[in-house]
Ligand SMILES: Cc1cc2nc3c(=O)[nH]c(=O)nc-3n(C[C@H](O)[C@H](O)[C@H](O)COP(=O)(O)OP(=O)(O)OC[C@H]3O[C@@H](n4cnc5c(N)ncnc54)[C@H](O)[C@@H]3O)c2cc1C
């Protein structure tokens, strides 16, 4: 007779057959997105030229205005692309993942902003016939007499606020919630700044194709935000009716929260993904925080595990069973979807081990094919669960304890005084043939990324998610 066990069965959800299929689809989506971005820029440059853009450059009087038109068009285009990129469109989320989307968001956003500044300077300069004395009266006239310009001015102020508060030095001084709230003004900025181009810009009005193109892009960006950032999260929160089922203490500063819900087997969640959750009780219910799924979902419940670092994460310890949870997601590409080959290294530091715990359970692998590299100080999280996975599934474990050193090494005291690249190669001879999943604080994750890249792991097999912003 089989002995009953109090431990729940392990859940394997990732299917290692057809490895790389999703990775190929995602690569095509990334390529397509890049091509569309450049094709859009080329198309609007063509319309600008067809409207006399290059000819106008020949004379100083019209040259400034012409440059102003082009920079305005490029800026508007990138701003709309920016809105689309951050709309949580599933195809883009899957293809790029959060880390890459955030990096692209910064580049596209800043480029769009600098082009907007160039647009304002050159348009005002052009209308003022490049005379300093006329700059102020011309600006006043432009703002007050041209259609949509008052709105555009308000939008510009909102966008300036977003960019200024995103500069590292300013960002560090703000609470995340304040920064995030201001950042949402970017939508207001885009919404207010663009209509003046649609109403008065000659490139929009002269060609029917151009008018259609701009209105479609503007509509698509707006619709994507409404559907995927508003309607879908609300609908999923209502439909799945997530509630706190239990709060489990993992260590002095870390708790796991078990969530139950209705028909959770229908929630398309993969191990390694994260949810942005709002616990609807008491003060702080408006605050949303991202937390990774820390166990493979079994269709009945979900588990998140959080270290208390501030108000939002600290309140998890005091949650009562039954508290409703509004959520966005699941998001993230640190999942079986990204996998391309069978050997796999799961590398985590500190609380960054949470998504890797779920992957260690949910990924399909044979004994010895998966290794967990876990860098931690103090007590390791999920020690018993990892031991169980080692016993039942053949997960290899490289535990790297010890306080953070000032030397900048990523492997910790165990490798102190040694060449970390050699140490890693010695520990993991199969590394170069593996997919590498990395999660942890940004500096550590970047350091390990560089190390595994130096060991010869190609970039498309390194999948990173950092817990910073
Ligand atoms: C994709 C992702 C997955 C994560 N998974 C986990 C996890 O499984 N377990 C865990 O303990 N932590 C996780 N984190 C980190 C966790 O979100 C933050 O520690 C938490 O939000 C801190 O909020 P706070 O109010 O307690 O602290 P605060 O003092 O408000 O914030 C501390 C720092 O946390 C970050 N942060 C705060 N709120 C957010 C937010 N809404 N979005 C992004 N970053 C924020 C900022 O860097 C901030 O400086 C994850 C972060 C990300 C981005």
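Even glycines carry a Cβ here, placed using N, Cα and C.
In this model, the domain 'FAD-binding FR-type' (237-337) carries an average pLDDT of 94. The feature domain 'FAD-binding FR-type' is assigned by TrEMBL to 237-337.
Taken from TrEMBL, the feature transmembrane segment applies to 27-47 (among others).
TrEMBL lists 67-86 (among others) with the feature transmembrane segment.
What TrEMBL lists as transmembrane segment is 107-128 (among others).
Annotation source TrEMBL lists transmembrane segment at 148-167 (among others). Here the transmembrane segment (148-167) has Cβ contacts under 8 Å with residues 106, 109-110, 113, 116, 120, 142, 174, 179, 182-183, 185-186, 188-200 of the same chain, all six or more residues outside its ends.
The transmembrane segment feature in TrEMBL is assigned to 179-200 (among others). Counting same-chain residues at least six beyond the ends of the transmembrane segment (179-200), those with a Cβ under 8 angstroms from any Cβ of the stretch are 72-73, 76, 79-80, 82-83, 109, 116, 146-149, 151-152, 154-159, 161-162, 165-166, 171, 211, 214-215, 218, 221-222, 225.
The transmembrane segment annotation in TrEMBL covers 212-232 (among others).
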Sequence-remote partners of the transmembrane segment (67-86) [C-beta within less than 8 Å, at least six residues beyond its ends]:
37, 40-41, 44-45, 47-48, 53, 57, 92, 96, 101, 104-105, 108-109, 111-113, 115-116, 118-123, 125-126, 186-187, 189-190, 193-194, 197, 201-203, 214, 217-218, 220-222, 224-225
